[in-house]
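Q: The structure that follows is given in the form of structure tokens.
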Amino acid sequence: MSSHQTLQFRADPFVLSHCCRHIRLTDSLTIQSPLKQPFSGLRFRLRRTIHGGVRSSAKEAQSNNGNREKIAPVSETAIESKRVYPFHEIEPKWQRYWEDNRTFRTPDDVDTSKPKFYVLDMFPYPSGAGLHVGHPLGYTATDILARLRRMQGYNVLHPMGWDAFGLPAEQYAIETGTHPKTTTFKNIDRFRLQLKSLGFSYDWDRELSTTEPDYYKWTQWIFLQLYKRGLAYQAEVRVNWCPALGTVLANEEVVDGVSERGGHPVIRKPMRQWMLKITAYADRLLEDLDELEWPESIKEMQRNWIGRSEGAELDFSILDGEGQETDKRITVYTTRPDTLFGATYMVVAPEHHLLSYFVTAEQKQQVEEYKDFASRKSDLERTELQKEKTGVFTGCYAKNPANGDAIPIWVADYVLASYGTGAIMAVPAHDTRDNEFALKYNIPVKWVVRNEANSSEEDTKQVYPGVGIIENSSSVETGLDINQLSSKEAALKVIEWAERTGNGKKKVNYKLRDWLFARQRYWGEPIPILILDESGETIAVSESELPLTLPELNDFTPTGTGEPPLSKAVSWVNTVDPATGKSAKRETSTMPQWAGSCWYYLRFMDPKNPEALVDKEKEKYWSPVDVYVGGAEHAVLHLLYSRFWHKVLYDIGVVSTKEPFKCVINQGIILGEVQYTAWKDQEGSYVSADTEERLNEHQQVTIPEEKVMKSGDHFVLKEDPNIRLIPRSYKMSKSRGNVVNPDDVVLEYGADSLRLYEMFMGPFRDSKTWNTSGIEGVHRFLARTWRLVIGSPQSDGSFKDGTIVTDDEPTLEQLRSLHKCIAKVTEEIESTRFNTGISGMMEFVNAAYKWNNQPRGVIEPFVLLLSPYAPHMAEELWSRLGHPNSLAYESFPKANPDFLKDTTIVLPVQINGKTRGTIEVEEGCSEDDAFALASQDKKLEKYLDGQSIKKRIYVPGKILNVILDRTNVKVTTK
């Protein structure tokens with residue numbers, strides 16, 4: 001390309017900005033972009049790259065080529081950034097170097113005698129919005145760990161890929177008419193470019209996407225192993241069906257009866273679905289949690305989700321209109337059989353299979369209307385503790401087996417058909433939900449458990465869900481008497497009585513339900529199953545025919561009938577069973593997005609293997625993942641599903657470990673910048689947040705930060721400090737307009753500054769509030785580090801090529817500063833206390849600025865310490881220090897214990913027996929050296945200057961006492 005050529009870019013501003021980081025020309029450049037919106041950052045980047053930061057006028061630019069479009073001169077801000085340090089040049093340079101040299105590639109044939117470190121991010125869904133500054137938090141942490149371990153001699157596996165199937169891409173495709181494959185690939189390209197611009201040391205040779213047939217071949221293979229072992233089956237289940245989206249939604253995807261995405265109505269309806277029998281592994285999933293180095297909060301969430309409980313199934317006979325027992329029974333599951341005598345009513349789920357049998361004619365319409373009402377709610381909404389309880393009386397009664405009482409049967413949505421038996425015995429005296437329901441509908445309350453800790457009359461009439469001593473629980477008719485027993489003793493006796501009389505049995509139950517595995521949408525993995533036309537029998541596709549690829553469809557909109565979009569691919573759907581020649585149809589539901597993310601950590605170990613999911617020896621070496629980092633929102637389902645699949649693979653000999661992830665870390669959320677809210681009344685006057693008026697009756701107004709000031713512990717309006725404001729930080733979202741794009745931060749401050757700031761904001765696991773001005777502090781630290789090694793900038797803002805580092809031997813003080821820094825940074829990285837590791841480096845740089853020289857023996861190890869956090873700057877400094885190769889595999893410095901000892905002591909100094917100050921001396925300091933230090937101390941100088949010394953009393957390590965001679969006066973002690 002000639003130096004006077006015009007470039008035309010047909011790309012968005014994001015692509016332009018990143019392309020321009022890699023342009024290397026010696027003359028000016030014109031960009032003709034079809035974009036309407038301004039993109040000042042691009043112009044700034046080009047001018048910095050091409051002109052090296054030297055300011056040029058538009059007139060000069062035009063004089064080189066009369067036809068050239070004018071380029072605005074570089075701003076003072078750009079020149080000032082150049083003076084800070086040339087990150088715009090350094091960062092693209094080293095990113096190209098790493099990519100060209102495949103610096104972070106982990107070879108297939110690693111030396112297995114070396115220790116391994118497998119550090120993995122929960123791979124992202126590549127949305128059209130790209131990354132915001134919250135995303136790099138976890139990625140930076142794993143990158144720091146990966147870089148540290150490489151330098152410590154480990155074989156490191158640090159890959160990246162894309163969880164790219166799913167509903168959002170399909171919905172966008174439907175809205176725009178663009179095939180989901182097209183948008184998905186485009187989004188992946190953008191994500192990859194963004195991640196590379198942040199200097200993450202991923203092994204891009206192992207990159208994978210769940211949408212690639214070579215990948216989902218093995219997702220389908222795993223499904224077939226589940227199917228062959230009876231762990232994948234079809235069942236009629238009630239699901240959250242969204243007609244507008246044309247698919248089944250998980251409970252978490254339904255809010256207030258509408259879909260979380262798009263706000264479309266959702267109904268509950270029975271559908272035949274593929275299920276995975278995760279309940280068969282419930283006990284192992286629960287028991288093996290104890291062996292994991294996971295946060296206790298995550299393990300507790302999984303325990304609660306699995307929800308193992310021990311109790312009893314008890315049978316209640318349904319009574320007819322005459323009050324006589326029928327041959328129909330309602331079975332309930334209860335964890336509190338000791339409260340059986342306190343059951344004053346029953347509740348069945350709206351979907352209970354016997355409801356239509358016993359509801360009376362008078363109540364039938366009300367019950368049907370209520371069932372329709374309940375069908376519009378998700379299970380999560382129905383069981384929310386805070387919601388008002390609703391229900392309808394069925395008109396029918398059942399017999400309490402303990403005392404023969406006839407108790408009413410109600411239908412209510414807070415009971416789920418999918419948990420237990422879909423029916424409960426309600427004990428309003430000892431269950432909060434039952435009590436709220438009973439009070440609302442005037443149902444009797446009977447206390448049967450006495451709280452031993454409270455004996456007052458008032459306390460005994462409060463809801464008490466705990467255990468205690470049983471009372472009011474004896475029946476001559478049934479022969480059951482549990483009065484005065486403890487709750488535990490009573491429960492055992494009730495179960496023994498129920499089993500003996502045929503009224504029930506002991507039962508272990510789980511909240512965990514089998515995994516609904518089918519989705520009625522197009523953009524997902526095809527399920528490798530044939531359904532024979534004649535018999536409806538399901539047949540597994542032969543493993544040799546995998547992958548069963550997703551057919552190309554131009555119309556992937558919902559059918560509106562409940563049939564998945566794949567049913568439109570008629571030639572693909574209609575087939576024959578190869579074994580029998582019988583006509584068949586392919587399964588047209590697809591797998592959920594969870595499927596591809598259940599096992600990707602295994603494929604990263606051996607991503608190109610066409611013959612096996614993963615090579616046994618490679619899996620044996622790399623398993624388990626040593627550190628797995630991601631958001632707490634995946635603490636239950638993703639981790640639970642991955643653990644389930646892993647255990648199945650362990651049982652069939654594919655993997656060698658019982659668990660996939662040794663250590664799981666949840667990073668905190670980075671919230672948007674603080675937003676300040678004020679209120680205005682109807683007249684438009686501000687109302688203070690601490691007013692006694694009801695603020696929700698007033699208009700909310702967002703106040704810009706420049707109009708806010710702090711007053712004591714509160715924030716107020718600058719123009720009227722009497723108006724108090726409410727400061728809040730929210731999760732970043734486009735709807736709130738508080739998303740910060742990392743590309744903008746990189747353009748302004750550099751990738752190293754962004755990495756360092758996100759690690760410095762606070763403890764890694766805590767939520768933090770983004771503050772763009774806060775990044776300036778770490779940016780200044782990097783600039784000081786640069787000048788410490790390179791020296792001050794020249795008059796044009798550029799820096800010399802060399803360094804100011806000397807070959808002098810480091811002093812004891814310098815070595816101590818260095819090794820204290822080494823010890824702190826190493827320990828804090830390994831403990832994921834990244835913010836305090838940065839503090840240690842800041843302390844070192846502050847100390848180094850006080851030295852008269854910067855010895856190579858101290859500066860080079862410090863550059864290596866800096867490299868996991870700020871790899872671009874560290875690589876450049878390392879290169880300028882004379883090293884021809886990357887520092888990525890240099891040995892990480894080790895702290896020498898000899899330099900960690902604190903050998904200085906504080907010595908009190910007395911003048912004529914009175915303490916006048918202290919000095920800091922080395923252990924074993926001589927009397928003359930101690931006196932010399934005292935004479936130079938500004939605080940002590942005034943007592944010694946010009947005085948005649950009669951004698952000195954020195955006790956090493958204890959005290960220096962200077963006795964003055966009052967008869968003679970010397971001119972000076974200096």
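Here the Cβ of each residue, glycine as well, is placed from N, Cα and C on the backbone.
Nobody curates TrEMBL annotations by hand; they come from automatic prediction.
Heads up, here are the entries from TrEMBL:
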type	residues	note
DOMAIN	122-254	domain 'Methionyl/Leucyl tRNA synthetase'
DOMAIN	303-494	domain 'Leucyl-tRNA synthetase editing'
DOMAIN	511-672	domain 'Aminoacyl-tRNA synthetase class Ia'
DOMAIN	731-758	domain 'Aminoacyl-tRNA synthetase class Ia'
DOMAIN	815-922	domain 'Methionyl/Valyl/Leucyl/Isoleucyl-tRNA synthetase anticodon-binding'
Q: Using Cβ atoms only, state whether the domain 'Methionyl/Valyl/Leucyl/Isoleucyl-tRNA synthetase anticodon-binding' (815-922) and the domain 'Leucyl-tRNA synthetase editing' (303-494) have three or more pairs under 8 Å that are 6 or more apart in sequence.
A: no
Q: Let me spell it out: take the domain 'Aminoacyl-tRNA synthetase class Ia' (731-758), skip the flanking residues so only those 6+ beyond its ends count, and list any with a Cβ under 8 Å from a Cβ in it.
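A: Distal contacts: 14, 17-18, 41, 44-45, 81, 87-88, 90-91, 129-137, 140, 143, 194, 197-199, 669-673, 675, 770, 772, 774-779, 781-782, 838, 869-873.
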Q: Could you please provide the mean pLDDT value for the domain 'Methionyl/Leucyl tRNA synthetase' (122-254)?
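A: When the pLDDT values over the domain 'Methionyl/Leucyl tRNA synthetase' (122-254) are averaged, the result is 93.
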Q: Could you give the number of helix, strand and coil residues in the domain 'Aminoacyl-tRNA synthetase class Ia' (731-758) as assigned by DSSP?
A: 16 helix, 1 strand, 11 coil
